[in-house]
Amino acid sequence: MALSMRKAIGVVKDQTSIGIAKVASNMAPDLEVAIVKATSHDDDQSSDKYIREILSLTSLSRGYVHACVTSVSRRLKKTRDWIVALKALMLVHRLLNEGDPLFQEEILYATRRGTRILNMSDFRDEAHSSSWDHSAFVRTYASYLDQRLELALFERRGRNGGGSSSSHQSNGDDGYNRSRDDFRSPPPRTYDYETGNGFGMPKRSRSFGDVNEIGAREEKKSVTPLREMTPERIFGKMGHLQRLLDRFLSCRPTGLAKNSRMILIAMYPVVKESFRLYADICEVLAVLLDKFFDMEYTDCVKAFDAYASAAKQIDELIAFYHWCKDTGVARSSEYPEVQRITSKLLETLEEFVRDRAKRAKSPERKEIEAPPAPAPPVEEPVDMNEIKALPPPENHTPPPPPAPEPKPQQPQVTDDLVNLREDDVSGDDQGNKFALALFAGPPANNGKWEAFSSDNNVTSAWQNPAAELGKADWELALVETASNLEHQKAAMGGGLDPLLLNGMYDQGAVRQHVSTSELTGGSSSSVALPLPGKVNSHILALPAPDGTVQKVNQDPFAASLTIPPPSYVQMAEMDKKQYLLTQEQQLWQQYQQEGMRGQASLAKMNTAQTAMPYGMPPVNGMGPSPMGYYYNNPY
């Protein structure tokens, strides 16, 4: 009962509106009647016959277009029924797609005059119960058409400015219009002054603003490809496309509106346009990706934001398309294959933006060109007769010379008593000190000859028994002995006592003479190197303590035994000691084989003559001549 009453009330309202349009309309009553019939209160789809009639009438002149926009705007403003409002929006959508481009211009002009035709943010249905979801869809549908009109205006401004967004748009087509049917009837027969004069020349149309006249005056603008646009133009188009996609995603019906047949019919052209919308967004994203790595930092940030927001929108678009396929809005084969924006691509773009941000903080310094040097002033010749001498200075006192700067006192460094960093004394340094001690000072007798003294004082710790003391003939003393140094008075350089020096050499000879019978080539208990011409030692003795055996006929300037020799000397010494050790082991084995019978066994083994160890020459007159240093008394 309530439904039938509502339908009856709707029919009465429609008939009343039609009657008022026929009587009160001054401009185009037929157009207003067709608009009322196309936006009736019936819960059915509008008849295509009335829509074609409206399209035909609006194609005649600009006046019909203006009347159509005014009538539809008044219909949307007064109605409180979501069915009437939805049919009116579907009519506007059809006119935007298939109508003349002047329809878009009229809506834009009405918007500039303050008449926001598609602004239905405050719409609320009052004719039906539980119609909140339907009213919400009407509001979102109107916002989608409004944003699409903004995109068309943006494209028109781009063409008027010499650029376009894509190659498929021209002559006011925003790229989402479907192919127009050839629904327009031939122009009606006109009078002769409208078609031409008797001479066959065309005349100007009588109605100002005729569609044909405007189309003839409109110039075709050159189309600019998307890749040749400036970054500002590309970002502007991307912003409009993304806002339009947001409005489309918000058109998804909820609640009871998902089961309404009228809403599903209104969704079909919107979903069809979203296919082209998705393709345009992908095209712009591809252009941004190609130019991303060559953009400025601010443009890179804008491109990254566009990619991030597009990734979220595409995820919602995939879910929306799944719902449309399940509901039956359009065929499944018509839907495009939507590709997601991978997180890996977003991470790569984000890392690049961060790198560009770091480089932007420290820009490269630009070399500033130095200003050109001013031309040197031209000096005028000076007249020497005009130059006057300066007067002498009065009470001129020269400034005192500056006081010399005091030299900084060097800090006294107290050496450490136990300085581990101090270098050890080498053998060469010790030899140099000893040589300076020998030859530093002049002789004590100043080069004068002194006769030998006839006293019996002993001047040497070693006296040759062959020299007889007390003889005055010094030539005979020199012939008989060369080692009698008792009468020598020569002083060494540096004040060195000759008695001390001679005693140093003679003391070694004395100890060598005393220990000759006990020494062997190796250690004190060695049997490998006995003295030539002598038998082995009487007993096997232990090695002598340090300091008891001294070497004779050795260079006094040789390196000290307390200082380790170089590595190559140690290696040679080790080879020699290894050889002697091997030889001594062989002799001990032979001695054991002989039964260890003492000197008898050792006598058999000492048949061959061996050399002295360590390069020490013999002093007993046997063997090869000594190779060391000898001290000879010059007297």
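Including glycine, each Cβ sits where the backbone N, Cα and C put it.
Among the features that Swiss-Prot reports, compositional bias 'Low complexity' is placed at 165-174.
Sequence annotations record features per position, and here Swiss-Prot assigns compositional bias 'Basic and acidic residues' to 175-184 (among others).
If you look up Swiss-Prot, you'll see 357-369 (among others) marked as compositional bias 'Basic and acidic residues'.
Among the features that Swiss-Prot reports, compositional bias 'Pro residues' is placed at 390-409. Nonlocal intrachain contacts for the compositional bias 'Pro residues' (390-409), taken as residues 6+ away from its ends with a CB within less than 8 angstroms of a stretch CB, are lacking entirely.
Per Swiss-Prot, the feature domain 'ENTH' maps to 23-159.
Among the features that Swiss-Prot reports, phosphoserine is placed at Ser207, with the record citing a large-scale study or a structure entry.
Of all the Cβ atoms in the protein chains shown, 19 others lie within 10 Å of the Cβ of Thr224 (phosphothreonine). Per Swiss-Prot, the feature phosphothreonine maps to Thr224.
The region 'Disordered' annotation in Swiss-Prot covers 157-208 (among others).
Swiss-Prot lists 357-412 (among others) with the feature region 'Disordered'.
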What is the average pLDDT across the domain 'ENTH' (23-159)?
84
Under DSSP, is Thr224 (phosphothreonine) part of a helix or a strand, or is it coil?
coil
Which residue counts does DSSP yield for the domain 'ENTH' (23-159) in the helix, strand and coil classes, in that order?
97 helix, 1 strand, 39 coil
